[in-house]
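Structure first, then comments.
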Amino acid sequence: MGNGNSTETKESRRSKMRQKIKNFQSRRRLRRPGSGSVSGLVSQRSVSADDFAGIALLTLMGAEMKFKDKWLACVSFGEQTFRSGVSDSTDKPMWNSEKKLLLEKNGPSLARISVFETNRLLKNNIVGYCELDLLEFLVQEPDSTCKSFDLLDPASSNVVGTMFISCSVEDPVETETCFAKRILSIVDYNEDGTLSFSEFSDLMNAFGNIVAADKKEELFKAADLNGDGVVTIDELAALLAIQQEQEPIINSCPVCGEALQLSDKLNAMIHMTLCFDEGTGKQTMTGGFLTDRQASYGWMFKLSEWTHLSTYDVGLNTGSSASHIVVIDRKTKRLVEELIDSKIVMSMRAIYQSKIGLRLMDQGAKEILQNLSEKQGKKMNSVESAQNIPSFLEFFKDQINMAEVKYPLDQFKTFNEFFIRELKPGARPIACMDQDDVAVSAADCRLMAFQSVDDSMRFWIKGRKFSIKGLLGKDVHSDGFLDGSLVIFRLAPQDYHRFHSPVSGVIEKFVDVSGSLYTVNPIAVNSKYCNVFTENKRTIVIISTAEFGKVAFVAIGATMVGSITFVRKEGDHVKKGDELGYFSFGGSTVICVFEKDSIKIDEDLLANSARSLETLVTVGMQLGVSFPKLENCVLEP
């Protein structure tokens, strides 16, 4: 009878533990990438003790909006995005959704919270956003009360609502101190803050270490320092510290079951801390998204993902295969989605990613593109074209900041006048302005940088016939550039379309090269069937510098870009950051070729490019330094 009760109690205890861990794991699965829907998302990368800044617990409490709707909120942080559930139809949505985020001293710290109205089947509409620097909460006193933040319209920066957020950050010492408490809570069934032998046994089993599981009695006695028959938090912490030094007992995470690196105690602790539910009763935000736009899409988009008609990804050849282009913002270190019409994506893939499509090009489509670009150029110079400006701004409303534009909107009499808009003085600070041995970004663009031409062909340019000689043409003496460094500045239609000198020097000459007007979108650049950069219309500018030798600045036309205009002439001396010219309507590209061993490109740009991930930069951001000077200057904000 007694044995029966004992067995029943034991089974009840095991059942309780299984259910508790199952609950933990189900919550954890919500945060991981969905199978098939989001690829290319890496798991938590290792962080060093010197770089570990803490762990933030961010809670989206609710918002006050100016009209009623069903609302959802997204948090974008680094290369991860998470979303809340959808609220009821109201102007005061409540989410009470939380998420833990790993903070690194040299990693992202700015979290962007976006609020979407969800009344559309295919695409939800962003209404407002706010940003907060999570590292600032590290130096503040813990505060459980929520704070209010203005929600800004992405297009106008007008206030469109109020967001209520609670955030607390525990530093590395606090994380280590609380670690044993979190582990203890998994099997502390009666919640008395101590572990009986049976609870301790269940914990050892959850650690996935067979040796430790067989030595449960020995380990329990070692932990129970005062011999009172239970293990306290302090005793468990001491045992874990000793065992992890001598003979680690934690082989796998007791929450998600993932195998842990036994030799890496810090990252094992971080992993489990991020996994644990703090028991606040709030909803955990759903993860596995790259951008807030992806997280916000409706069920029609999810269906297209499931049928593989629409994919998100980062990595090698992504531009050629994904229907959404994802780039990383250098300033915020956050992934963002480039806006492009889906019908245009499908047509570009049909043309540039197939032999049949390129055959059509060879059989007269090049002339069609040329004529189309010329007609579109004339159209965008007409007074009637100004009517297209509002719809253009609406489509790109969270990617064009009109507050930076020099002249008010009513000053633009044609679409092209708006397209080649100037910015206010100081809108683009130039990094290390007084140091000519520091090169800077030539454009607002998506940038790819390679220390060698071979690297560019391995990670990005897939045209079989690409070469520096082909790029620069027969009228430029190219021998000095053959083994040099290559930087590609790709401008999208929403970008500021004036380009600037990346270096200080004298303009030696201009060389015009006639050619086609293929698109410069990654879908074409990543195509093995065409050679966009060596076949398109382009102008080569040779700049002679004291610090970098000669620099070849190549302005490349593209579909819809019928005009490349320069505002400088041969013999002019230019300072880095000075305007060189502008592209008329369309997407376009600048390529800078540096002579071999003349520049050391910044490591973050090289690292992103090695992942085939374009970096979103603005004019004047640091690009690299000349050899032999290799110190980085501080990036201008």
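Placed from the backbone N, Cα and C atoms, the Cβ positions cover glycine too.
Taken from TrEMBL, the feature region 'Disordered' covers 1-41.
TrEMBL lists 15-32 with the feature compositional bias 'Basic residues'.
Residues or ranges marked as domain 'C2' by TrEMBL: 22-147.
Residues annotated as domain 'EF-hand' in TrEMBL: 180-210 (among others). Mean per-residue pLDDT, taken over the domain 'EF-hand' (180-210), amounts to 83.
The feature domain 'EF-hand' is assigned by TrEMBL to 211-246 (among others). With a threshold of 8 Å between CB atoms, the same-chain residues lying at least 6 positions outside the domain 'EF-hand' (211-246) that come near it are 177, 179-181, 183-184, 193-197, 200-201, 204-205, 265.
Here TrEMBL flags Ser588 as pyruvic acid (Ser).
Annotated active site, schiff-base intermediate with substrate per TrEMBL: Ser588, in sequence order.
Counting residues of the domain 'EF-hand' (180-210) by DSSP class, helix then strand then coil, yields 19 helix, 2 strand, 10 coil.
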